[in-house]
Amino acid sequence: MRITADAGPSNRLPSCTWSLRTESHKAACRRTKVERKAIRRCCRCSLPSQRTAGTRGPSCDLVLSSGFLAFAIHAGFLQAVDQADLQIEGIMGTSSGALAGSLYAAGYTPDQIAYELCHLPPIQRLRLSLRPWRGGIFSLHKVVERLHELLPATFEELPTRFACGVVSWQGRYQLLDKGSLAEAVAASIAVPFLFTAVDIQGQSGGPFKDGGVADRVGLEMWRNRRRQELPEDCVPRAAVHLVSRSSPFSGTDDVRGSGEAGVSVFRSPRSRKTLLSMGDWQSQMSASHQYSAEALQRWQQQQKRKGQPA
């Protein structure tokens with residue numbers, strides 16, 4: 001089965017998301033592992049190959065910043081990226097950017113990402129922590145369970161290169177791109193005092209918490225990692241989607257101050273959503289798509305005037 005994402009904002013979801021809309025979380029959890037894998041394959045379809053097939057635009061990495069419950073905002077930006085026909089080589093995400101980015105790296109459309117992350121009040125995916133001494137009121141156990149249903153087991157199994165930012169129990173910022181995926185993504189959203197830190201199998205230094213505490217973007221470490229992997233002249237440009245900070249206590253987000261070349265920044269306002277309600281997330285996604293598409297179009301025109309690929 002093949003599906004095509006709409007170019008513009010739309011509240012209509014592809015038919016393969018029927019399982020997300022019509023079945024309760026409890027019913028889905030009762031399914032066998034084989035059935036859950038079938039649902040996951042249905043949702044992914046052949047999207048990774050669609051994004052890289054045919055005549056594509058320039059190569060580009062995406063860097064999605066933290067931003068409290070900024071899922072619809074990130075999804076709108078990703079919809080604009082799809083419309084701009086950029087060839088995405090790798091994705092770096094922190095906190096909400098890690099959740100949206102991991103699903104995008106797995107092949108989900110922006111519409112599917114927004115629906116999955118926004119159609120329920122976040123509080124329904126949480127439960128009170130039995131270990132509040134680990135730094136938070138709520139446990140992310142149910143979130144990890146859901147991510148296991150939606151994502152491959154490891155980073156290495158994703159069709160698109162992906163990494164996320166976390167902070168160790170000792171306070172050291174780390175970029176994770178290998179091993180257990182669901183736990184790493186959950187750790188990246190584990191806001192201190194709100195959510196308990198998350199253990200990640202095979203990773204020392206845990207439990208881990210929200211990477212946005214130290215660095216809301218993770219750009220410098222991501223770019224250094226890419227230079228280690230690729231020849232200098234093969235490192236793609238980076239498009240940074242920077243959502244305005246929700247807290248003065250969040251980490252650094254001075255992207256321009258890093259002095260990085262080949263980096264373009266696209267800014268969005270904070271979400272203003274709460275754990276009790278995601279509100280009119282469809283309109284927020286639509287607005288994000290509109291101004292992101294305009295910004296990406298201006299950026300592409302500027303690159304063409306400079307004689308650079310865009």
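Quick reminder: no glycine exception, Cβ is built from N, Cα and C everywhere.
Residues annotated as domain 'PNPLA' in TrEMBL: 62-223.
For the motif 'GXSXG' (93-97), same-chain residues at least 6 beyond its ends with a Cβ under 8 Å from one of its own Cβ atoms are 63-71, 74, 162-165, 188-189, 191, 210-212, 215-218, 241, 243. According to TrEMBL, the feature motif 'GXSXG' maps to 93-97.
Taken from TrEMBL, the feature active site, nucleophile applies to Ser95. Secondary structure at Ser95 (active site, nucleophile), taken from DSSP and collapsed to helix, strand or coil, is coil.
Residues annotated as active site, proton acceptor in TrEMBL: Asp210. In this structure, Asp210 (active site, proton acceptor) is part of a beta strand by DSSP.
Summarising the annotation, TrEMBL assigns region 'Disordered' to 246-265 (among others).
Sequence-distant contacts of the region 'Disordered' (287-310) (same chain, at least 6 residues past either end, Cβ-Cβ under 8 Å): 8-9, 57-58, 72-77, 79-81, 83-84, 86, 110, 239, 241, 264, 266, 268. Per TrEMBL, region 'Disordered' is recorded for 287-310 (among others).
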Counts of helix, strand and coil residues, the region 'Disordered' (287-310), according to DSSP: 19 helix, 0 strand, 5 coil
Cβ neighbours of Ser95 (active site, nucleophile) where a neighbour is any other Cβ within 10 Å: 31
Around the Cβ of Asp210 (active site, proton acceptor), the count of other Cβ atoms that are within 10 Å: 30
Pairwise CA distance, Ser95 (active site, nucleophile) versus Asp210 (active site, proton acceptor), rounded so that it is a whole Å: 6
